[in-house]
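Shown next, in structure tokens, is the structure this report addresses.
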Amino acid sequence: MSKLPFLSRAAFARITTPIARGLLRVGLTPDVVTILGTTASVAGALTLFPMGKLFAGACVVWFFVLFDMLDGAMARERGGGTRFGAVLDATCDRISDGAVFCGLLWWIAFHMRDRPLVIATLICLVTSQVISYIKARAEASGLRGDGGFIERPERLIIVLTGAGVSDFPFVPWPPALSVGMWLLAVASVITCVQRLHTVWTSPGAIDRMAIPGKGDR
């Protein structure tokens, strides 16, 4: 979860726990909720953002991102999740994040025609995946790879706020998208460096590895 107090697990638990119990009673599983939330989030991002409906797209994506958090609450109510569920949730998060940046990239590239902003968006798209991969690959090797400025909640807050404010009804501020995207791009690159440094300083990180055989590749 985020380091921000108002995005803490405890803060959301007050809202999500009763809803999670209700969903479990009607027979839904955490994995089904994960897939439904991701599907809706991706559909909203890839439909509304390319049409230039940035405020509506930001609201839809944010709603279903919050909806997707119900799967964790449901798993806790059932006494714990499964390893497959954890992998599915992480995979769907990457798909959802990718859809957000791809939808915005389409609008920026083909309608705004802002080349510098295209570059910033591409940086955000790539680093959003790399940040998560560094942690996953490090933990698979028994090392630490967490921390850094930007985690998923902060990433979504920055990009969705920038998109929404740039197209806000009645009082839009168009530069907000560019400001948010460049801020996120810089912070994301720094986070990649921070996480790599965390991996490098982990115990055993520079120990030599056995050379894999042909059958291991």
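The backbone N, Cα and C atoms fix where each Cβ goes, glycine too.
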May I ask you to find which of Asp68, Asp114 Swiss-Prot records for the Mg(2+) 2 site already listed with Asp89, Asp93?
Asp68
Integer Å distance between the CA atoms belonging to Thr34 (CDP-1,2-diacyl-sn-glycerol binding site) and Asp89 (Mg(2+) 2 binding site):
6
Separation of alpha carbons, Asp93 (Mg(2+) 2 binding site) and Gly72 (CDP-1,2-diacyl-sn-glycerol binding site) (Å):
13
Spatial neighbours of Asp71 (Mg(2+) 1 binding site) among the binding-site residues Thr34, Thr82, Asp93, defined as Cα within 10 A: which are they?
Thr34
Counting only residues 6+ away from its ends, which parts of the chain sit with a Cβ under 8 Å from the transmembrane segment (115-140)?
90, 93-94, 97-98, 101-102, 104-105, 108-109, 146, 148, 150-152, 155, 159, 177-178, 181-182, 184-185, 188-189, 191-192, 195-196, 198-199, 202
In sequence order, which same-chain residues at least six apart have a C-beta under 8 angstroms from Arg76 (CDP-1,2-diacyl-sn-glycerol binding site)?
Ala20
